[in-house]
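Record features (TrEMBL):
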type	residues	note
DOMAIN	3-275	domain 'Phosphofructokinase'
BINDING	G11, R72, C73, G102, D103, G104, S105	ATP binding site
BINDING	R21, A22, V23, V24, R25, R154, G185, A186, E187, R211, K213, K214, H215	ADP binding site
BINDING	D103	Mg(2+) binding site
BINDING	T125, I126, D127, R162, M169, G170, R171, E222, R243, H249, I250, Q251, R252	substrate binding site
ACT_SITE	D127	active site, proton acceptor
Amino acid sequence: MKRIGVLTSGGDAPGMNAAVRAVVRKAIFHDLEVYGIYQGYSGLINGNIKKLELGSVGDIIHRGGTMLYSARCEEFKTKEGQQKGIEQLKKHGIDALVVVGGDGSYRGAKALTEQGYPCVGVPGTIDNDIPGTEYTIGFDTALNTVIDAIDKIRDTATSHERTFIVEVMGRGAGDIALWSGLAGGAETIVIPEDNFKMEDVANRLKKGHERGKKHSIIIVAEGVMSGPEFAEKLQEATNMETRVSVLGHIQRGGSPTAFDRVLASRLGAHAVELLIEGKGGRAVGIEKNQLVDYDIIEALAMPHRVDLDMYRLSKELSI
Ligand code: ADP
C-alpha cells in the first residue's frame with residue numbers, strides 16, 4: 001500500500017479536523033501518500049480529490065467543522081454511485097480509504113469494503129450513537145456547548161422563577177440529553193430510550209413547586225419530540241407556563257475540547273495503523289481508554305446503548 005485517501009461525511013462534528021490531521025501525519029510518518037477527498041462521497045464520485053502534505057493540515061487541530069467539507073450524497077447509496085467512487089479512487093491510485101463520519105457514512109464504507117475496497121471507519125458525530133466505541137469524536141465538545149447554554153438559561157430560570165424546556169440534538173440516542181442534563185443539574189431529562197409519561201413529568205414539577213422550588217430545567221432530546229410540542233403538552237397537563245429554548249446547530253460547532261482532540265488524534269492514527277497492517281473493513285473506537293476495532297459490518301449491527309445506570313442516577317439526584 002502506497003497511497004491512502006481520507007474523507008469526512010454526514011453531519012460535521014468538532015474534532016473531525018483533528019482526525020484528518022492525525023490520518024495525514026500518521027500516514028506521512030509511515031512514508032505513505034495521502035489524498036484528501038473533499039465533500040464526502042459526493043466529492044468522491046466527482047473526483048474532488050487533492051494530495052495533502054504535512055502543511056495542508058497545519059493550524060486546524062483547534063478548529064470546528066471539517067476542512068475537507070462534508071456532504072450528503074444519495075447517489076452513493078446505489079451500486080452505480082459506489083462504482084463511480086471506486087473508479088475515481090483507482091484513477092488516483094488510492095489503495096485504501098479512511099472515512100470519518102456517522103453510521104450512514106459507515107454504511108458507505110461498508111459498501112466499498114464489500115466490493116473489495118479496504119476502508120476504515122472513524123466515529124465522528126456529536127450524537128455519540130456509533131456502536132463499537134464508548135465515545136464519538138465531537139460528543140464531548142457538544143456536551144460542553146449544551147452545558148454552557150443550560151447554565152445561562154438557569155440564570156434566567158432562577159431570576160424569573162420559570163420552567164425552561166431545552167431541546168437538544170439526538171434523534172435516536174439520548175446521550176447528549178442525559179450527559180448534559182446530569183452535568184447541568186436538570187430536573188427532568190427526556191430521552192428516546194425511555195417511554196416517559198407526561199403525567200410523571202407534571203407530578204415532579206408540581207411536587208417541586210409545593211416544596212417551594214419555583215424554577216426547573218427540562219432537557220428533551222429532539223428524537224422524543226420538539227421542545228415547543230413538549231411545552232404545549234406539559235402546559236395541558238399542568239396549566240403551568242413554560243419557556244422553550246431550541247439549541248439547534250450551535251451544538252455542532254466550536255473549537256473541539258481537549259478530550260475530542262486527543263480522541264480524534266488517537267482514532268485517526270489507529271485507522272492508518274490498521275490499513276498499514278492490511279486490515280480493511282474495520283471500525284475504530286475506544287473502550288475503557290483502549291483503542292479497539294471491529295469488523296465494520298458487525299459494528300453496524302451492534303446496538304448503541306445509552307447508560308441506563310446514569311439515567312437512574314440523574315433521577316435520584318434531581319428529586
Ligand atoms: P452520518 O454519517 O452522520 O450518519 P448520513 O446518514 O447522512 O450521515 O450519511 C452520510 C452519507 O453516507 C450519505 O449521504 C450517503 O452518501 C452515505 N450513505 C449512507 N447510507 C448509505 C448506504 N446504505 N450505502 C452507501 N452509502 C450510504
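Backbone N, Cα and C define each Cβ position, glycine as well.
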Quiz item: When you measure from the Cβ of T125 (substrate binding site), how many other Cβ atoms are you left with inside 10 Å?
Solution: 26
Quiz item: If you count the C-beta atoms lying within 10 Å of each candidate's C-beta, which of the binding-site residues V23, C73, M169, I250 ends up with the smallest number?
Solution: I250
Quiz item: Other than G11, R72, C73, G102, D103, G104, S105, which residues of the chain come within 8 Å of the ATP site, judged by Cβ distance to the Cβ centroid of those residues?
Solution: S9, G10, G40, G101, R107, G108
Quiz item: ligand 1 is in the model; which of the binding-site residues G11, R25, R72, G102, G104, S105 have a C-beta less than 6 angstroms from one of its atoms?
Solution: G11, R72, G102, G104, S105
Practice problem: Please report how many Å separate the Cα atom of T125 (substrate binding site) from that of D103 (ATP binding site), as a whole number. | Solution: 9
Quiz item: Which ones in the same chain are close to S105 (ATP binding site), with CB under 8 Å and 6+ residues apart in sequence?
Solution: S9, G10, G40, Y41, V99, G121, G124
Quiz prompt | Alpha-carbon spacing, R21 (ADP binding site) to D127 (substrate binding site), which is rounded to whole Å | solution = 22
Quiz item: Which residues, sitting 6 or more apart from R243 (substrate binding site) on the same chain, put a CB under 8 Å from its CB?
Solution: A157, R162, T163, F164, I165, A231
Practice problem: Report the same-chain neighbours of D127 (substrate binding site): residues 6+ apart in sequence with Cβ closer than 8 Å to its Cβ, ordered by sequence. | Solution: G11, G102, T136, F139, M169, G170, R171, G172, A173, D175, I176
